[in-house]
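Student: Have a look at the structure that comes next, please.
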Amino acid sequence: MAKGRFSNMFGRLLLKSLLPLSILILWKLAVTFGDIPSILLPKLEKVGADFVKYLLNGELIHHMTVSLRRCAIGFFFGSAAGVGLGVLLAWFKSLEVFFDVTLNFSRAIPKTALAPLLIVWFGFGDFPKILLIGLAAFFYTVIPTLEGVGNVDNLLVKSARSMGANDRQILFGVLLPAAMPSIYAGIRIAATSSFVILLFVEIISGNSGLGFLLEDARESLNTSTMFMTLIVVGILGFTLDWLVRYTEKKVMPWQKGKTISR
Amino acid sequence: MKLAIRNLRKEYNSDNRGTFVALDRLDLEVAEREFVSILGPSGCGKSTLLEIIAGLQEQTSGDIITDGCPIIKDSNKAQNVVKKTAIVFQHYGLFPWLTVQKNIEYGLKIRGIESKKRHEMAMHHIEMVNLQGFEKFYPHELSGGMQQRVALARALVNSPDLLLLDEPFAALDAQTREICQRELLKLWQRMKITIIFVTHDVGEAIFLSDKVVVMSKEPGRVREIIPIDMPRPRDFSVRLKEEFRKTEMSVRLMISEKEVQYG
Ligand SMILES: Nc1ncnc2c1ncn2[C@@H]1O[C@H](COP(=O)(O)OP(=O)(O)OP(=O)(O)O)[C@@H](O)[C@H]1O
Ligand SMILES: [Mg+2]
């Protein structure tokens with residue numbers, strides 16, 4: 001039985017790594033035997049060498065920290081504001097009516113479309129980038145929060161009231177946890193899109209950051225550096241996704257095993 | 001706690017039905033430590049009545065007087081009244097994000113009871129409703145009957161003077177239901193509380209109660225009050241007695257008549 005389990009696991013691992021390995025081998029073969037200019041597809045070794053070079057001279061860490069910092073600040077303040085306003089709007093119905101048109105109109109504008117304007121207003125520094133990410137995170141969280149809190153089963157509120165809960169206890173002890181699945185869905189989209197928007201805005205207006213590294217590599221026709229950056233970006237994106245799902249389980253332990261069965 | 005309901009009226013305003021009168025000219029007296037059951041067709045306003053008594057909904061007109069004080073529905077002031085009243089909802093209303101134990105502790109936490117004491121009281125009540133070993137489970141991991149028992153424990157742990165139960169045993173199998181009925185009677189006798197018990201089970205109502213209230217529908221009001229004089233403590237053998245079966249038959253007739261009339 002144990003052996004069967006092991007060979008099963010081993011088989012799965014093999015199956016999982018089959019495609020990425022074949023891609024690497026194909027890459028290697030194409031560069032070695034194909035007549036492909038290195039500006040289109042650099043040698044694998046060159047990508048690796050670039051990675052070591054940028055790691056050792058500290059540039060990679062520098063651009064990574066700059067990017068992650070922008071992303072984190074924008075995401076944090078944006079989604080905090082989004083959740084905060086969402087809760088307020090759900091609590092005070094007239095406030096929701098007041099904000100309704102404005103919110104739904106500005107939500108409909110893709111946030112990346114605001115980049116040129118923000119650059120005109122605030123230049124090429126950190127602030128417009130963080131602001132753009134913040135705006136996106138805000139709009140991705142405010143509506144799910146509003147809807148999540150608004151749709152909480154009234155029975156839960158009655159339950160808490162019948163045991164003597166006051167408004168504050170209802171808000172923090174009932175409405176927020178009950179709406180958490182919805183709020184968190186918004187936070188998840190906000191987190192992943194923060195990263196997307198960050199790269200976009202760094203590419204079009206960067207002087208630092210991973211997006212800038214990509215654009216800089218394009219200008220100097222340094223394709224291997226581009227590939228290296230893409231792989232780093234991929235790893236970061238992957239980690240971000242994992243982090244979001246991990247915290248979801250921590251924040252909402254009761255949701256475990258409640259997923260839709262497939 | 002004793003209770004007097006005078007000329008109670010409840011209207012609901014909804015878009016598709018306009019103004020709907022759920023309860024009208026409803027009068028009811030409940031004595032201190034009395035066990036009262038309410039029977040009536042679906043939609044006659046039983047749940048509505050309980051929620052008004054619990055201060056969770058506001059009546060359109062009429063009065064509810066508990067121990068001489070009127071109940072006022074006010075989200076924050078409701079606490080004063082509500083503290084002595086506990087309600088078990090028809091659909092439980094357990095908090096899905098809290099474990100069985102934390103659900104039961106909720107009311108104690110609201111009242112600021114310290115965690116060690118809370119834990120003790122919760123454990124005691126978990127034992128009482130026979131859910132040992134499920135403390136750390138979330139509601140969705142329990143069966144309907146188990147959830148119902150959690151809801152019961154969550155109400156009882158607050159040691160109410162007035163306990164409102166909305167079809168609390170509906171989701172239980174016959175055996176568990178009998179155990180729970182017996183336990184409820186014991187508890188009622190020991191804790192000296194007043195109970196208003198909504199059910200669709202005529203036999204259950206008669207077995208448990210000092211008096212059975214039969215309600216009629218549209219608008220919901222009290223149609224008949226039947227005192228049950230069988231001596232206590234009662235065990236299940238009373239169900240076999242001539243007196244019990246006669247009462248049961250007459251109540252059944254009363255309910256079905258009504259249904260035919262409105263059919
Ligand atoms: N929030 C509400 N808004 C509008 N109408 C309501 C509302 N709550 C209840 N009603 C109506 O009031 C009537 C009484 O409802 P209630 O739930 O009190 O009945 P019930 O006697 O408990 O029924 P059941 O035995 O099926 O539980 C029903 O016709 C219902 O449609
Ligand atoms: Mg009901």
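Quick reminder: no glycine exception, Cβ is built from N, Cα and C everywhere.
It should be emphasised that the depicted structure is a prediction, and the values quoted were computed from it without experimental measurement.
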Student: Examine the ranges A:20-40, A:104-124 and name the one recorded by TrEMBL as transmembrane segment.
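Tutor: In TrEMBL, residues A:104-124 carry the label transmembrane segment.
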Student: Which range wins on Cβ pairs under 8 Å with the transmembrane segment (A:130-149): A:72-92, A:104-124, A:170-189, A:195-214, A:226-244?
Tutor: A:72-92
Student: Counting CB pairs under 8 Å, which listed stretch among A:104-124, A:170-189, A:226-244 touches the transmembrane segment (A:72-92) the most?
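Tutor: So the stretch in question is A:170-189.
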